[in-house]
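Enquirer: Below is one structure. I have some questions about it.
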């Protein structure tokens, strides 16, 4: 192989690895407590998925069509979001670029996502999406009451012992170290609530 060909090969390899790393970083996100997901999302809804199709939503800088999966939904309840109903959500076509795969046979989901400037709702693998049947009684009640009360609080995830909070306005999330799961007791049955003295503390809702 000539030096020129070899140089081109190395350059292409570097570009390929950079692109893979870029995609990986695009989907890199820390697990979030359901309350964190609620507070950081533009839209939080309960919806039934009724259809799916691949659509083009424009072109990239090279003129290539940008494809998205459009999930047609029937909105059951909006917990947070705009005044108008959401009738569809959009996501990337594959998980490699953060796309979300959902069941469209009438299954109901709790979906938190972002609202684009054109009024459409978009979701990625980093957003909080859970089958509605898997939500706990506390989570369902907190969506309309408690989560919003604690949006000024900070939930700090503990990944290894020891760990601690640095401010009275924090709640320490211990599910990972206690249960090796991000869907443990605190995620299912607790909300971080701001108290009258501006400190924050876990509030337990309904029992399992």
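Glycine is no exception: its Cβ is also placed from the backbone N, Cα and C atoms.
Nobody curates TrEMBL annotations by hand; they come from automatic prediction.
As annotated in TrEMBL:
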{"type": "SIGNAL", "residues": "1-26", "note": "signal peptide"}
{"type": "DISULFID", "residues": "27-98", "note": "disulfide bond"}
{"type": "DOMAIN", "residues": "27-151", "note": "domain 'NTR'"}
{"type": "BINDING", "residues": "27", "note": "Zn(2+) binding site"}
{"type": "DISULFID", "residues": "29-126", "note": "disulfide bond"}
{"type": "DISULFID", "residues": "39-151", "note": "disulfide bond"}
{"type": "DISULFID", "residues": "153-200", "note": "disulfide bond"}
{"type": "DISULFID", "residues": "158-163", "note": "disulfide bond"}
{"type": "DISULFID", "residues": "171-192", "note": "disulfide bond"}
Enquirer: List nothing but the one residue from 98, 163, 171 whose Cβ has the fewest other Cβ atoms within 10 Å; the candidates are the disulfide-bonded residues.
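Expert: Comparing Cβ neighbours within 10 Å for the disulfide-bonded residues 98, 163, 171, 163 has the fewest.
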Enquirer: Considering every residue in the domain 'NTR' (27-151), what is the mean pLDDT value?
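Expert: Taking every residue of the domain 'NTR' (27-151) together, the mean pLDDT is 93.
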Enquirer: Across the domain 'NTR' (27-151), what are the DSSP residue counts per state (helix, strand, coil)?
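Expert: Summed by class, the stretch gives 23 helix, 50 strand, 52 coil.
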Enquirer: I need the nearest neighbour of residue 98 (disulfide bond) among the disulfide-bonded residues 29, 39, 151, 158, 192, using C-alpha distances.
Expert: 29
Enquirer: Write down the Cα-Cα distance for residue 27 (disulfide bond) and residue 126 (disulfide bond), rounded and given in Å.
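Expert: That separation, Cα to Cα, works out to 7 Å.
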Enquirer: Out of the disulfide-bonded residues 27, 29, 158, 171, 192, give me the one sitting nearest to residue 151 (disulfide bond) by CA distance.
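Expert: Comparing Cα positions, the closest of these disulfide-bonded residues turns out to be 192.
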Enquirer: Within a 10 Å radius around the Cβ, which one of these disulfide-bonded residues has the most neighbouring Cβ atoms: 27, 126, 200?
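Expert: The residue with the densest Cβ neighbourhood is 200.
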